[in-house]
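> Below you'll find the structure I mean.
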Amino acid sequence: MGLGLLLPLLLLWTRGTQGSELDPKGQHVCVASSPSAELQCCAGWRQKDQECTIPICEGPDACQKDEVCVKPGLCRCKPGFFGAHCSSRCPGQYWGPDCRESCPCHPHGQCEPATGACQCQADRWGARCEFPCACGPHGRCDPATGVCHCEPGWWSSTCRRPCQCNTAAARCEQATGACVCKPGWWGRRCSFRCNCHGSPCEQDSGRCACRPGWWGPECQQQCECVRGRCSAASGECTCPPGFRGARCELPCPAGSHGVQCAHSCGRCKHNEPCSPDTGSCESCEPGWNGTQCQQPCLPGTFGESCEQQCPHCRHGEACEPDTGHCQRCDPGWLGPRCEDPCPTGTFGEDCGSTCPTCVQGSCDTVTGDCVCSAGYWGPSCNASCPAGFHGNNCSVPCECPEGLCHPVSGSCQPGSGSRDTALIAGSLVPLLLLFLGLACCACCCWAPRSDLKDRPARDGATVSRMKLQVWGTLTSLGSTLPCRSLSSHKLPWVTVSHHDPEVPFNHSFIEPPSAGWATDDSFSSDPESGEADEVPAYCVPPQEGMVPVAQAGSSEASLAAGAFPPPEDASTPFAIPRTSSLARAKRPSVSFAEGTKFAPQSRRSSGELSSPLRKPKRLSRGAQSGPEGREAEESTGPEEAEAPESFPAAASPGDSATGHRRPPLGGRTVAEHVEAIEGSVQESSGPVTTIYMLAGKPRGSEGPVRSVFRHFGSFQKGQAEAKVKRAIPKPPRQALNRKKGSPGLASGSVGQSPNSAPKAGLPGATGPMAVRPEEAVRGLGAGTESSRRAQEPVSGCGSPEQDPQKQAEEERQEEPEYENVVPISRPPEP
């Protein structure tokens, strides 16, 4: 029962093992048709290793005793046999199953039946037994190499020479034929026995070679050594290392080792004994190394087993190998091993120097420099870390996003960057606003003005537009620039023109020097001033807030305030060089002759005029042409004869001042003022001075704040639109040409209203000559004096005996033509 169950289990185990070991690519390996698709041997084959190479011949195809199965169901004879029953051996020339393979060894050998290898005869050698042997009858050759192996008693390469030795006690060498004696025999042919009591003897001499433990000539005495061996000749004991004595029975004493204990031990630790035979120590003393502790430590090391490094000795010198002490130390160190830093307050070699004062730190023991504590730096460690650094000597940069950290710990300080940003922004915003304000002011000051005075003149009047632009610059500088002398520069012509009838007077242009100006001409109109004063000068117009006439302390203060009245005050009298053609223009215009000075020269009264004896420079300008030249030409107008009245004596110099606005003159006309001034000039003993007052009413008064904003252009447009346009009354032509024989006004002209009486008296005058010239021109300051220094043209400054009719003709020839001036026809004089 048990056996029946065991066999199926064994078969299942065998199949599983075989199936798992088969190679899918092996010979005769097939896949089972079962659903498991396991590997198995094909039909008729049996598994061998991982393949199925054993054929199966079973049943009726089973092979007989001397047959083998070569394929499933096919049997053949064993190799080397043939026949019906496979009982006959193959002939010598065949081999293999059924003797079907031919043997190449025939006829000098036979083939092995299964493999076909040749087996040569005794006298043949080679792979196919093709070589004959040369060993003779007493030798046998090797079938593979052909070397002869001689029989005993024969030697030579062919085994053909007999040996000469005792064959019972020796053998001879096959190559040389020499006899090799067996133990106990000696001699050339080994014919003598040895007498050594069982010990061998030398073959040539027969001397005994005693065995260990025996000594003597014939090895008859036994040695007495406890350890070691005795001498074969004397019997003395040769002790091994670590022992001594006659019989080597004593070990070496402590501290010695070697043969006969002749060597001393090394530096073993605590003087422990070393090994008596080898001399090695279990451990060495400090400073020594090696198995026998006889090697000192290498330079730079010390201690047990030389495992420690020497300290910083002076200049890297080696320390003591056992203690590690240094002979000298580097600066900053003390102690036997130079491991102790200098005491506090000292540094340097042998700590002999005193440290400097370190407020927040310690002194470096080597260099003496201060090593600052965390958060401080500097030569004396008295300065806190700068922003962005922390640590000792402030050498560690902060790693905070905002760049600031605690100077000691390095921790980031939140908000520090924000505070700095706010501080920077608070500083930059006012600066930016100030910059923008300055830029706006510059744009407003330098931008073209939209006032009525900026209205362009007739087409092609480029010079007039340029004059208007220069007027803006002079107006802006008027409140800050005092009267200046232009040193070595000469201004031959200064023309102040206005081209708008609604604005009484404006300074607009300073013409450049003429190309025809003579370098030796003088700018001075006063012969008493001398050549030193002949320098051109100008004065800027006064602004609001100037000192009035009543508060002026002296003529210098009055003159320094300015020479021109402000352009908005047209009623203020001011001195103008004589240009009679201005009276004929549609718009009031003023032209200054060459060499006119605008700065005061001396403290003269308003009545003083330049000397008429000085030769005018207009004669050298005869070739001048153009609009500027025509404006500068001076002619004697007929209105010169319209001033027979004389004014009272001149006022004191302190009465004239600049920067003072006088109120309007009421119902008086400009012609009345001119006649009064001319009459006063004719009666005066000095040179003739012509003073003009332009027609028109002054602008409304304005405060200082409004005046500043008007200069910046804020109120100019609005103010121009709010005011009612008023025209300056144009003087009639007949009034200008009434009297031609009177002394002409060479530098200016006076416009009159058609309804004004030419000889009407001024208010407050006691007669036609009651008003003095100083009172008519009060408030002009330097402008009055500059008019006194203006050079008089020939027609106005010539000899008083000159023919008036001739002067009138010259005036008509030299009279310039002005734009928009239409001559008015008048009836002939009675």
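Count begins at 1; order follows the chain as displayed.
A Cβ is built for glycine as well, from the same backbone N, Cα and C atoms used for every other residue.
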> If you look at how Swiss-Prot annotates this chain, which of 84-107, 348-371, 492-515, 516-539 comes out as region 'Disordered'?
516-539
> According to the record in Swiss-Prot, which candidate from CYS319, CYS338 pairs with CYS329 in a disulphide?
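Among CYS319, CYS338, the record in Swiss-Prot lists CYS338 as the disulfide partner of CYS329.
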> Which residue in the list CYS237, CYS239 does Swiss-Prot annotate as forming a disulfide bond with CYS225?
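Answer per Swiss-Prot: CYS237.
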> Same chain, outside the domain 'EGF-like 6' (351-382) by at least 6, Cβ under 8 Å from its Cβ: which residues?
330-334, 341-345, 389-395, 406-409
> Give the distance between the Cα atoms of CYS99 (disulfide bond) and CYS239 (disulfide bond), rounded to the nearest whole Å.
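Counting only the Cα atoms, the answer is 76 Å.
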> I'd like to confirm something. Which of the disulfide-bonded residues, CYS57, CYS326, CYS355, CYS358, CYS372, has a Cα closest to the Cα of CYS239 (disulfide bond)?
CYS326
> For CYS225 (disulfide bond), which of the disulfide-bonded residues CYS57, CYS313, CYS326 has the nearest Cα in space?
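Answer for the nearest of the disulfide-bonded residues: CYS326.
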> Using a 10 Å cut-off between Cα atoms, which of these disulfide-bonded residues sit near CYS358 (disulfide bond): CYS129, CYS172, CYS338, CYS372, CYS381?
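Correct set: CYS372, CYS381.
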> Which ones, of the disulfide-bonded residues CYS57, CYS159, CYS237, have a Cα no more than 10 Å from the Cα of CYS363 (disulfide bond)?
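Final answer: none.
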> In sequence order, which same-chain residues at least six apart have a C-beta under 8 angstroms from CYS159 (disulfide bond)?
CYS135, GLY136, HIS138, GLY139, CYS148, HIS149, CYS150, GLU151, GLN174
> Of CYS248, CYS313, CYS381, which disulfide-bonded residues are close to CYS338 (disulfide bond), meaning a Cα within 10 Å of its Cα?
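Cα filter at 10 Å returns CYS313.
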> Distance check, please: Cα of CYS237 (disulfide bond) against Cα of CYS326 (disulfide bond), rounded to an integer number of angstrom.
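Rounded to the nearest whole number, the Cα-Cα distance is 52 Å.
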